[in-house]
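Asker: Have a look at this one.
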Amino acid sequence: MDKTGIYVVSHKPLDESRSGVDNPTFDAIDDKHQEVHFNKETPHYHSDKPYRGMGKDELLTHSSKGIWKTLRYICMIIVFLVWFGLIITVIALVLVYPRCREPGQQVWWQKKTAYRVYVRSFKDSGSDGIGDLNGIFNSLNYLKSLGVGILSLSPIYQQAANKNSDYHIINHKEINPEYGTMDDFKALVNATHERGMYLIMDFIPGFTSIEHPWFDASKDSSRNNSKRNFYLWADGAAPGSPPSNWKSIYDGSAWTFDNTTNKYYLHQREAEQPDLNLRSNEVKEEMERILLFWLDLGVDGFYIRESAMLIEDYDLRDEHPSNTSTTTDPDAYDYYDHKYTYARPENFDYFSRWRYVLNMHGNATGREMLLFADVMGDLNMNMAYYGMNNRDGVNFPLNRPFQQVTKTSDAKSIYTLLRNWLDSLPADRWSNWLGGDENVPRFSKSRAELNRPLLFLTMLLPGTPMVYYGDEIGMVDSSHLPSNDWSRDQPMRAPMQWDNSSNAGFCNQSCTTWLPVNSGYENNSVQTHAQDGKSIFNLFKNLTTLREKPTFQFGYHQLLPQGDGIIAFVRYFDGKTGYIVAVNVANKTASYDFSGTHESLPDSVSVVLTTNTAGTYSVDDELSPSHITLLPYEGIVGSWKYVAKEL
Amino acid sequence: MADKRENKANGYNEMETTVEKPSPAGHTMNGSKPPSIIIETQNMELKKNLGLTSAISMIVGTIIGSGIFVSPKGVLESTGSVGLSLLVWAGSGLIAMMGGLCYAELGTLLPKSGGEYIYLKEGLGDIPAFLFAWTSILVTRTSSLAIITLTFATYAGSFFELCGGPQLPEKLISAITIILIGIVNSWSTTLAARVQVIFTFAKVAALVVIIVGGFVKLAQGNTSVISSGFEGTTDSPFIIALAFYDALWAYDGWNNLNSVTEELQNPPKNLPRANVGSVILVIIVYLLTNISYLTVMTVDELLDSPAVAVTWGARVLGAAKVIMPLSVLVSTFGGANGSAYTSGRVVFAAARDGFLPEYLSYIHVKKYTPLPSMIFTVFVSLLMIIPGDISSLIDLFSFTAWCFYGMTFTSLLVLRYKMKEAHRPYTVPIFIPILMVLISIYLVVAPIIHEPKIEFLYAFVFVMSGLLFYFPLVYFNLHFKCIDTLTMYGQLFLEVVPTKSEEDKL
């Protein structure tokens with residue numbers, strides 16, 4: 001090695017621990033030469049060997065040699081090839097990779113939770129002890145914070161005086177003064193919409209109050225009044241005997257003789273609530289005008305009340321005793337099989353007609369309307385409500401499996417109810433799950449411990465849940481005994497329990513509530529529940545939030561095999577988080593192996609929600625679907641991330 | 001010298017002969033004088049490619065990452081009210097600006113690339129500086145480059161609607177982006193700086209679209225959310241502090257210009273201007289963008305939206321909504337470029353001081369790009385995208401960032417005594433660094449108290465484990481011959497040569 005070269009080193013300070021010069025190629029250097037060199041300031045010239053830290057010129061003499069140049073080019077080519085290779089791989093992956101299926105387009109009434117308000121009992125803005133529209137107006141922020149999006153109001157039409165019922169309508173286009181004014185109603189509609197919520201009214205087309213001006217005109221003694229046909233009049237089958245053996249639902253004949261016109265009128269309910277004759281074109285038009293009147297005010301849809309009793313047999317044929325009847329009293333409603341008066345196929349024509357009115361109005365105003373109806377009866381009848389003969393019916397009939405659940409119901413019977421409904425549902429139709437309303441005993445009456453499991457099912461099964469006011473705090477039926485079957489003062493209509501002040505915050509302290517406030521409200525109110533993280537109230541809020549998740553909104557569902565008291569189902573969708581919901585509806589600890597019961601179920605799920613009762617699991621636990629063990633009435637929701645298929 | 005400067009500004013570097021400074025005390029041999037040697041050093045250095053516009057683009061481009069487009073909601077969620085959230089946005093901007101002023105003093109006092117690394121070294125000594133370089137190079141900067149390219153990939157992937165967002169294509173797109181950015185930055189610093197300017201303009205333009213659209217809606221009377229003011233404001237001072245924490249992360253990157261001081265033209269003038277000007281620009285843009293979002297969306301909708309700008313676009317732009325995800329792409333690409341540009345410089349600066357293999361400080365002989373350090377950064381970033389989820393890694397090390405910021409502000413105070421006489425082209429009022437030290441301490445301690453996690457300890461242990469390398473390799477300077485040989489071959493292969501910093505030359 002030539003040792004006369006100049007030493008070119010980096011700027012880095014020399015370091016004695018290394019060899020004298022910061023240059024590896026000079027390891028064997030002789031000290032003398034080095035010394036000499038260091039003491040001489042010499043202009044540089046090129047070393048003929050590369051070394052560490054060499055400068056520009058030295059580097060260029062060596063690096064431009066063939067091998068380094070070639071190596072560099074090869075590496076550059078490799079880098080570019082790898083880069084292009086990656087791009088091509090990505091393009092290929094993108095082309096072959098499966099796309100998610102499109103979720104169906106959903107409308108607001110499929111996305112939101114409905115909340116049924118019994119107006120008279122919800123909140124009194126004044127001091128008359130009667131709930132009113134302004135009370136609801138003042139509670140809208142509360143409802144919004146609950147996570148509900150659809151308010152369904154009990155009837156608020158103007159009523160005949162002193163009738164103790166919501167069904168004595170004397171004017172379909174006015175508000176019952178007990179509940180407020182038309183201005184109050186308009187303000188309520190606007191405030192509801194401002195919060196992104198929707199308002200549904202009851203629509204009662206089957207009958208009116210006997211004091212309705214139509215009835216007065218109809219029973220005009222001249223019998224020539226243009227409104228004569230608004231109601232159903234018939235001659236007795238024989239003198240002193242009604243036209244048919246039809247019974248009122250409150251027992252006794254459905255026909256009442258009217259002295260002014262010497263004819264019978266039909267009333268399937270009380271004698272003071274005569275049935276309208278919906279076969280009359282004038283009545284049909286009146287009904288459509290009523291719908292349009294409220295639609296113009298901004299109402300978002302209607303709940304058709306008593307929808308199975310719109311039309312009766314044209315020939316007024318007698319009904320036959322029912323095979324399944326438990327009564328032997330021929331005057332009792334239940335004695336008969338109501339094939340001529342209940343759920344006649346003609347009814348469906350009216351649903352389609354009203355649906356059409358709503359659709360037309362919706363098209364004109366760019367809105368989507370909701371129409372639903374109540375019906376009792378078998379599944380086929382329920383399913384027919386969705387549409388008959390290629391004509392759309394209502395958006396959904398109210399679905400009441402949980403109203404058939406009693407304390408002795410086992411998992412199997414509940415499972416069967418759910419399974420039958422889901423299996424019968426026509427393609428592209430939407431379910432409803434009714435939590436409660438003002439006509440059935442509250443969940444809590446005899447099976448309070450089922451509140452939470454059934455709330456899980458109501459909120460998380462595919463369909464629109466409809467809950468009843470007070471369900472969010474597990475309110476119980478009143479111990480107050482109703483005056484009679486058709487009076488307003490039914491046990492499930494006790495005033496809402498807002499806080500622990502007197503009257504439960506329903507109205508101010510000096511007022512007398514129209515129904516007594518439930519005893520024990522001090523420990524069972526919105527106020528007390530809100531402070532308790534484990535309360536059903538907070539569970540309710542968590543459920544409405546969970547229900548907003550895409551998978552619960554539009555995901556597929558599959559009931560898992562029912563085993564050992566556990567009802568479970570999965571909700572899943574392409575590309576979205578999947579969920580398993582499992583509730584124990586029995587009064588014993590239950591355990592089941594759900595592994596392999598559905599293709600979407602992974603080996604491990606993470607708990608996102610529990611009933612917050614005594615239980616095996618808490619939120620964020622990881623659990624395996626192969627060992628799900630639930631204490632009595634415990635429920636859980638487990639989730640898993642959608643795992644994309646990696647190619 | 002004046003001539004030389006001019007030449008450098010033209011991108012041409014003279015060869016020159018300089019006398020190397022003697023090595024610092026403590027490293028001399030057995031008490032005797034170090035050999036007085038004359039060493040010829042070719043004055044290779046990074047070129048001064050950054051004017052004021054590029055400098056501001058560099059800062060704005062890295063501060064505005066994807067956050068403002070994707071999830072400007074942490075602040076709103078914590079504060080609870082529109083009014084307070086806007087105040088917090090402005091207040092955090094103010095803090096970032098004060099930080100920028102401190103860095104302006106440091107950057108002009110010590111005009112070397114490498115940012116905090118340099119200041120910690122001068123102010124607090126080698127160990128903090130080494131630990132900073134160690135953490136920053138191995139984890140923080142590379143993982144942030146990785147995560148921002150992954151965000152880029154997620155949005156690129158969203159155009160193809162692959163079911164469930166499979167990881168593989170996203171990771172490949174992320175790798176493609178990192179390599180592309182590596183190539184651009186290795187090819188030419190001018191090109192990289194231009195890319196930065198163009199992409200910053202594009203992302204600011206996208207935000208201007210959002211702002212203008214929002215104000216049109218505002219003029220149409222959509223003021224219900226904005227006028228809610230301080231309704232719902234949280235009354236917990238602790239929660240407000242957390243909101244500041246969130247907002248400050250959105251301003252992170254205000255310190256980036258200091259990493260590349262050597263490439264800045266006329267640092268005494270441009271560094272303070274760029275540091276302050278860009279933060280003011282960002283404050284204005286952030287505030288107006290938030291107002292625009294809240295004009296079109298309610299508070300709840302904003303909190304619910306997975307990608308706020310995209311939701312905004314769908315509301316306001318109709319058919320043109322596709323420009324919003326495109327803007328996120330542009331923004332993240334620009335952010336990744338800025339991140340790579342500056343993180344390459346930290347590697348470079350630390351290697352130049354012997355804290356990393358010296359080879360990493362070499363620059364390309366013709367292109368003047370820090371090729372080895374860029375390759376190193378790209379390589380580590382590529383490794384970072386392989387594991388499943390690196391966002392947890394980011395969370396883990398986020399608290400160390402304010403730890404090092406705080407130490408840097410302390411360095412400023414220390415240097416006021418240590419280098420009392422030194423020429424300071426810019427001097428920051430003393431109360432600002434003192435305040436910043438206090439804020440930093442708070443920001444390090446607050447999350448640990450709020451949510452003590454064992455992971456913080458892991459992160460701390462990792463940072464400290466740097467000492468295992470520091471003592472043998474830097475302090476005792478163990479030397480392996482094979483490294484030299486490798487360095488030589490590496491030089492020949494990549495055509496890179498050692499460089500000199502401005503300070504050495506002066």
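Glycine is treated like the rest: Cβ placed from N, Cα and C.
The region 'Disordered' feature in TrEMBL is assigned to B:1-31. Per TrEMBL, the feature transmembrane segment maps to B:50-70, B:82-106, B:127-152, B:172-190, B:197-216, B:236-254, B:275-296, B:316-336, B:371-390, B:396-415, B:427-450, B:456-478.
Thinking about packing and proximity, how do these listed features fit into the structure?
Answerer: Sequence-distant neighbours of the transmembrane segment (B:50-70) (same chain, 6+ residues past either end, Cβ-Cβ under 8 Å): 96, 148, 151-152, 155, 193-194, 196-197, 199-201, 203-204, 206-207, 249-254, 256-257, 260, 263-265, 270-271, 273-275, 277-279, 281-282, 285-286, 289, 306-310, 324, 327-328, 331-332, 334-335, 337-339, 341-342.
Long-range contacts of the transmembrane segment (B:127-152) within the same chain: residues 65-66, 70, 116-118, 120-121, 170-171, 173-174, 177-178, 181, 328-329, 332-333, 335-336, 339-340, 342-343, 346-347, 349-350, 355-356, 376-377, 380-382, 384-385, 390-391, 393-394, 397, 400-401, 404, 407, 462-464, 466-467, 469-470, 474, each at least 6 residues beyond the stretch ends and with a Cβ under 8 Å from a Cβ of the stretch.
Residues of the same chain lying 6 or more positions beyond the ends of the transmembrane segment (B:236-254) and with a Cβ under 8 Å from any Cβ of it are 59, 62-63, 65, 67-68, 72, 74-75, 78-80, 84-85, 88-89, 91-93, 95-97, 99-100, 103, 275, 278-279, 282, 286, 338, 398, 401, 442-443, 446-447, 450.
Residues 95, 98-99, 101-102, 104-105, 238, 241-242, 244-245, 248, 399, 402-403, 405-406, 409-410, 412-413, 416, 456 of the same chain sit 6 or more residues outside the transmembrane segment (B:427-450) yet have a Cβ under 8 Å from a Cβ within it.
Sequence-distant contacts of the transmembrane segment (B:456-478) (same chain, six or more residues past either end, CB-CB distance under 8 Å): 27, 126-127, 130-131, 134-135, 139, 354-355, 396-397, 399-400, 448.
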Asker: With pairs fewer than 6 apart in sequence excluded, do the transmembrane segment (B:172-190) and the transmembrane segment (B:275-296) have three or more C-beta pairs that lie under 8 Å?
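Answerer: Checked: the transmembrane segment (B:275-296) vs the transmembrane segment (B:172-190), no contact.
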Asker: Mind checking which residues reach the transmembrane segment (B:172-190)? Cβ under 8 Å, same chain, six or more beyond either end.
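Answerer: That would be 11, 46-47, 49, 145-146, 149-150, 152-153, 156-157, 263, 333, 336-337, 340-341, 344, 364, 367-369, 371, 374-375, 377-378, 381-382, 385.
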